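Participant: Handing you this structure, nothing more for now.
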Amino acid sequence: MNPNHSSAMTGPPAAQQPDWPDTAALRRAADDLAALPALVAAEDCDRLRERLAAVARGEALLLQGGDCAESLAEAGPDTTAAKYRTLNLMAAVVSEASGLPVIRLGRIAGQFAKPRSSPTELRGDVELPAYRGDMVNGPAFTAAARTPDPDRLRRVYHASLGTLNDLERLTAADGGEFWTSHEALILEYERALSRLTPAGRYALSGHLLWIGERTRRPDGAHVAFAARVRNPVAVKLGPSSTPDDALRLIDLLDPDREPGRLTFISRMGAGAVRDALPDLVAKVAASGAEVVWVCDPVHGNTVSSPTGHKTRRLDDVLDEIRGFLEVHRSLGTHPGGFHLELTGDHVTECVGGTYEIRFEDLPTRYETVCDPRLNLGQSLDVAFELAAMYTASPVTDRGTTWATV
Ligand SMILES: O=C[C@H](O)[C@H](O)COP(=O)(O)O
Ligand SMILES: C=C(OP(=O)(O)O)C(=O)O
Ligand SMILES: [Mn+2]
């Protein structure tokens, strides 16, 4: 794995790219995708950008959620409907309590690629390439499954198309808008599904694409790609982010200062959010840029259970949300929304909740292929806790009236 892999001879470095063993096959897969219909419409990306502009103005909230990594084996109408209904229920609860419209954005129909802390995984004395999401390789711990396979680009395209069809049926039945998003990680996939339209270039693999914590360097290939497309885009900001990083990203990704174009997803961890976030939000606000601030209260709170399962405590998730709201309250800025890893099923991957999952319960239904997801009950716990926070401190004007949270 070459961390400075550059996918074009002269392009900027692209972090977290797989070592594809057959680059000719990769080229053929990308060419096939480039000739297939785009997955979403450019006009819909524009419409989502308008909705996000309302969030930037403090007139709406964003709820973004879904699997850490979608799975080809699990893809289908039932899992899609379960995730859709979970987000729908959460949005209804939060909207009722806050009095604000809630925009529903799935981590769905394309969330098939993962950045990893380590390029390899060691079990006993066997070392294999890390699982990088079903767009790249398979989760089974065998050399065959872990070898990056370019045909997977085609498979996730078709699975995403099926999911989009299912989502269309679901939204037609209840009349609401629902948008799709994923991390723009594998550049061959994203470039192959970008299209030049009369209004400019769009990444048409999803409505909103985000850049992850591990690929957000301002001089990197992911930021360069996002800068070239007109979709709404987001960037994760972890505890090492500096105000200067944020301001550079604004200049690169939102040079025209278009409200709704750029979202920052803060993922600091419950222990760091109150210290790390205020300076970022204050300096961005002082620059005059109108970005959307979203809280991802899961990625900074991953721990290992005594049984070695990757997990998260619901209490930490809620504490980071509270910290995020406190920071915005004290600065008079709008806490624009929430980004969560969740599923509509009754999995046992995170601990805590009204129907409490304990460390010892984790093996019962631990089904994620990457990070632990909140189950249906835990997702609703988050929604009702949010409702309680909004009821205690009503939003009346740009989120400035957070008396207590
Ligand atoms: O979102 C997913 C994970 O946080 C990311 O892939 C890193 O996971 P890892 O530390 O298990 O590699
Ligand atoms: C990898 C992810 O997050 P981050 O880039 O914030 O670590 C993710 O959202 O699954
Ligand atoms: Mn994750």
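Each residue, glycine too, has its Cβ placed from N, Cα and C.
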Participant: Identify the region 'Disordered' range according to TrEMBL, selecting from 1-20, 241-260, 321-340.
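Facilitator: Range annotated as region 'Disordered' by TrEMBL: 1-20.
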Participant: Considering the Mn(2+) binding residues Cys68, His299, Asp371 given in TrEMBL, which of Glu96, Glu121, Glu341 is annotated for that site as well?
Facilitator: Glu341
Participant: Provide the three-state secondary structure of Glu341 (Mn(2+) binding site) computed with DSSP.
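Facilitator: Glu341 (Mn(2+) binding site) sits in a strand per DSSP.
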Participant: Taking just the CA atoms, what is the gap between Cys68 (Mn(2+) binding site) and Arg107 (phosphoenolpyruvate binding site) in Å?
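Facilitator: Taking the Cα atoms only, Cys68 (Mn(2+) binding site) lies 8 Å from Arg107 (phosphoenolpyruvate binding site).
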Participant: Test of understanding: give the count of other CB atoms lying within 10 angstroms of the CB of Arg267 (phosphoenolpyruvate binding site).
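Facilitator: Here the count is 23.
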Participant: Hey, how far is Glu341 (Mn(2+) binding site) from Arg214 (phosphoenolpyruvate binding site), Cα to Cα, in Å?
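Facilitator: Here the two Cα atoms are 18 Å apart.
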Participant: What does the structure give for the C-alpha distance between His299 (Mn(2+) binding site) and Arg267 (phosphoenolpyruvate binding site)? Integer Å is fine.
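Facilitator: His299 (Mn(2+) binding site) to Arg267 (phosphoenolpyruvate binding site), Cα-Cα distance: 6 Å.
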